[in-house]
């Protein structure tokens, strides 16, 4: 059986390749799809760049997505191979969380309604808890990777940095020197942790929660670019943004702090921040729910061992004490969110290219990267 897809719009692009909006060439199938087309990896050989195949992140995403199925994880429909190019076909979502945040930052109300915020947050945690229960770390949670359907159903996407936790073939640090987008990167990663836990995902969720409240990134540091692929620079401005709000980490708050490779860098900061100002910040975003603050503080613990787990967060009183929110929060709401912007400014779109040829071979369960 051959399934074809007609590209009708360009969604976005990145280092991995491009994402398109598509429909099925089968007129009886009315669904919309998102097609992620990977560009081939290139390797410099003398003066020429040679195509060497699919990237490691693409292989990871394909393997992981074929093995998992959950209501809050974007569903893989099919893997396509055409002209040596691999594409992944996903279910389509009309929105992403970054777009929702930007919508509210420009609106008169300037706040995401509590019932919508609570539902989106719970669904993100629910999807991440499923990943963790299946020994998977996402490692790149951020608003742009949180897809949301027209009814408000969360679909976590982009598992290109996803990693199996159990029985890895290689240590985390040896295969991926840098994980998690800078504003959502946990302090143990900033301090050079070679081994880390799913707690890094929980920190990222805490940052996303704060961003939904304030409608701007909670810790917006300037990233220091890598000049040498073998040397990861200490992200001093990102660490500073965290300390300005949470205070300077200490051994009392974070046992084992001195064992991190970049611990010595903390002494280079001219100012020592003594207080955790998160409660005061919480008041400035006009939020008076003490249970929400408690959850946020438990997510943003310096010590990863003290950080709440995703499974524990699902049962936090912030969610269980309120039965008025649903997992379809956009229904019966006066707010109309515009759909993700789709462009036709791309050669694939202008040619209305049809993708086909299913990659039918089943993957085996695997261990490792």
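The backbone N, Cα and C atoms fix where each Cβ goes, glycine too.
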> Among 36, 82, which is the one Swiss-Prot gives for the ATP site where 11, 12, 13, 14, 15, 16, 17, 18, 19 also bind?
Replying inline: 36
> How many Å separate the Cα atoms of residue 15 (ATP binding site) and residue 140 (active site, proton acceptor)?
Replying inline: 14
> Ranking the binding-site residues 13, 15 by other Cβ atoms within 10 Å, which is at the bottom?
Replying inline: 15
>> Is it possible to get the count of other C-beta atoms within 10 angstroms of the C-beta of residue 17 (ATP binding site)?
In response: 18
>> I want the residues beyond 11, 12, 13, 14, 15, 16, 17, 18, 19, 36 whose C-beta is within 8 angstroms of the mean position of the ATP site's C-beta atoms, in chain order.
In response: 37
